[in-house]
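> Provided herewith is a single structure, encoded as structure tokens, for subsequent inquiry.
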């Protein structure tokens, strides 16, 4: 990895400039007071009406407020309010957000005793850790040329702004990277550990279970593993999520309370209805707003782009990586397109394939466009405009 140090240095200054740009020129985009007051919940309040600007507070947009709340004060016991329309109460809705990321912040906050400072420091550490992890794994699988392009394409992608904030994608991505790497190598102990952690980081981690189990049982059938080891690995996979289920039961009286709460964001009677609804959104592309909570042109474009990348990347990508990106699309069977663009930022195999198709000039051009749009979007992000 001859160019890793150079890449990390460039990446450091890219992030530094982005943060300074957001802080220095935040006023270029007006504060969206309507979204702030009526379209989001708040744990830590801002007061922009008096001309005050708190940079760390501004980074904590939308879902970040939930993670900061859980990390700072935990999940509520015996919650009663799960009404999405009431933006003044967070209560039971907190259970829609999985525990690993806020748990890490809560532990680290013992050192700093300020949840925003803790979250910001952790973000900076994870930005570097994610970058190096992705570079290492892609370099090992595809070579340094593709690794170099991949890391910059992913972390300059406009929706990578969420990696600079306080969202669980920050933890989900490195877990997914190393899960993929060890799954390819069939190192089942560490794969099982990462599977278990992915499941309690974000709900899409649940959709990776079938892939893990199928490949695990293939090795059992081929007698590369014995039944005792398979049972052991299954226990490792299931323990973290089982703890989460029992925690739900202990705190709320219902193991699946987290699932009930998630339906407050979007509910459907069946998979067929959900798929039909999402197809209708795609069909209505030109009638959709550019960005919106439920259905937007950007989310629709990212869906189409993802399927195109999977179609053309079928022969190039390792079969495990292809299936991982495919399975990360399966939430579309159960929910609408809300935040889909953000969710796809962790689908790193798509960026691997994109990197493989670009020569030096095209890579430089696309990376430059990505960064320009990222800078542009960053001001909307910190001023409470919905991006994903």
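Placed from the backbone N, Cα and C atoms, the Cβ positions cover glycine too.
Note that the structure is a prediction, hence the values are computed from the model and not measured.
Annotations for this protein, taken from TrEMBL, read as follows:
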- 99-244: domain 'Glycosyltransferase RgtA/B/C/D-like' (DOMAIN)
- 7-23: transmembrane segment (TRANSMEM)
- 93-112: transmembrane segment (TRANSMEM)
- 119-139: transmembrane segment (TRANSMEM)
- 170-188: transmembrane segment (TRANSMEM)
- 194-218: transmembrane segment (TRANSMEM)
- 230-251: transmembrane segment (TRANSMEM)
- 271-291: transmembrane segment (TRANSMEM)
- 298-315: transmembrane segment (TRANSMEM)
- 321-341: transmembrane segment (TRANSMEM)
- 362-382: transmembrane segment (TRANSMEM)
> Can the transmembrane segment (93-112) be said to touch the transmembrane segment (362-382) if we require at least 3 CB pairs below 8 Å and skip pairs under 6 apart in sequence?
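Answer no: the transmembrane segment (93-112) and the transmembrane segment (362-382) share fewer than 3 Cβ pairs below 8 Å.
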> So which of 7-23, 119-139, 271-291, 321-341, 362-382 is most in touch with the transmembrane segment (194-218), counting Cβ pairs under 8 Å?
321-341
> Which of 7-23, 119-139, 271-291, 362-382 has the most Cβ pairs closer than 8 Å to the transmembrane segment (170-188)?
119-139
> Could you tell me what the rest of the chain brings near the transmembrane segment (7-23), counting residues at least six beyond its ends with Cβ under 8 Å?
55, 58, 124, 127-128, 131-132, 135, 148, 151-152, 155-156, 164, 371, 374-375, 378-379, 381-382
> Determine which residues of the chain contact the transmembrane segment (119-139) at the Cβ level, with the cut-off under 8 Å and only residues 6 or more beyond its ends counted.
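Long-range Cβ neighbours of the transmembrane segment (119-139): 1, 4, 7-8, 11-12, 15, 56, 59-60, 64, 67-68, 71, 104-105, 108, 112, 146-148, 150-151, 154-155, 163-166, 170-171, 173-174, 177-178, 180-181, 348, 352, 355.
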> So which residues does the transmembrane segment (271-291) touch in its own chain, when a touch means Cβ under 8 Å and the partner is 6 or more beyond its ends?
297-300, 303-304, 332-337, 385-388
> Under an 8 Å Cβ to Cβ limit, what residues of the same chain, 6 or more beyond the ends of the transmembrane segment (362-382), are close to it?
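Same-chain residues near the transmembrane segment (362-382) but 6 or more away: 14, 18, 21-22, 25-26, 28-29, 55, 58-59, 61, 149, 152-153, 156-161, 164-165, 355.
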